[in-house]
């Protein structure tokens, strides 16, 4: 019995390749041109979220081929497959956005089912858009087979009349156009140049935030998450990932060895330090849930509170992901956090080494101002803040990176769906100083917890970003700027306080103290609750109906199954 066959005896793929009873299974493999040696090697699933919906995922199929070469070079048998993804930039601003967050669960579920059904021994997952990144990482820790995550890379910035632009500028251009500050011709010109290449949105929006998380949490190779999609070095990272996953099989290093409580805290720290997307406060608890670790919005917020904001990245700052990669990448950011005591250095990673060991050779780059030293930060607390109060007993989240005013008080202006709020913004029928409330957009109530970028970007484009506030039980895009509070829980659909608000109620927001309150007594809120009744939904069948029945609250990551804590047998141990 050779070494490879010996390893095979403890791997899931033995159930489809070994012994006389599996002769029918082997006949299928021979039909695809596999050799006897390849059949008896470890099977590595190479999963990508490739599609032609948008530039975010268009480069993934190319990169998957490099992964397969790496797996084969290291003595494994790669098995490529695709799963779905919903691209937020295309889904934004219409009913399609209801599909976005549910797609995270669909990605995790479909990868799990494919790996289980075909008895793969390991997984390399490639993802390129907002929900596909956490969805793929959730699948990895759920299955707990040796795994490496690969980000497809960010888009290059566009150039509009000498100015660097991103898709954020496009959404804000719509607001400018609505008030006559941008002509039809200018809008046409900028939309043709804003997105010049393959790759996900280029600033520290949700995709790049979760890419940063993938390195910090230990599931991605150092530097691999920073290189833009068009850069050929991405193929080298992919080749290496294919080789490295074979080492993880040999060493039996699994995702749950990597994704520990400390690793989750590291991930939250890099989100705060980079002024990342508020969506991380949904995705980190969901990843933790797959491991059986309780790590909710309040745990994330505690890390945010004590982590300095050091990376000057858009939307709150000046630079895009390409700029950070070219001055040292995510390891440069992590190194200054580690040196100043904001990261746990003893967490194991997919390299087989610890965070501290991976960062040992990283030298500080003094010839740049993209990443500030952690002892000389942009601000001493993170770029994302958790809130709690009588309007949000289960918490809420706000991105404060780049904001100067962290307190706001004003009368509520209530809307029961995003379309109505956007129409009011487009028609300028709101007033300066109001707090726009968009409710019944939570995980159950939407269903799907839509992002409100269309509305927030229009407000910013109208020059009102600092003159109003917006709160919702839905979500915000990582591209959102301004005083915008999301994930307010409990959501309106289950009778949360946000569903009891009336126009004119005074709302007090304090991102310094971390509070979100309405100036109403407990008695008044209780009285209004007696008159509240659940709203009917139009989604009475299909995937969105199933999602609404299963999904939990935002505070726990909006998850749809009991999680690792209730697991009796892990797939990797079959």
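For all residues, glycine too, the Cβ spot is worked out from N, Cα and C.
Checking the candidates 88, 95, 169, 416 against Swiss-Prot: the one annotated together with 130, 131, 451 at the Mg(2+) site is 88. Record check, Swiss-Prot: [2Fe-2S] cluster site residues include 129, 201, and the candidate from 49, 56, 291, 347 also listed there is 56.
In this structure the alpha carbons, written CA, of residue 130 (Mg(2+) binding site) and residue 201 ([2Fe-2S] cluster binding site) are 9 Å apart. Each of the binding-site residues 88, 130, 451 was assessed for Cβ neighbours inside 10 Å, and the highest tally belongs to 130. For the pair residue 56 ([2Fe-2S] cluster binding site) and residue 88 (Mg(2+) binding site), the C-alpha distance works out to 10 angstrom. A C-beta separation below 8 Å, combined with a sequence spacing of at least six in one chain, links residue 131 (Mg(2+) binding site) to 85, 86, 88, 100, 101, 103, 104, 107. In the three-state DSSP reading, residue 451 (Mg(2+) binding site) counts as strand.
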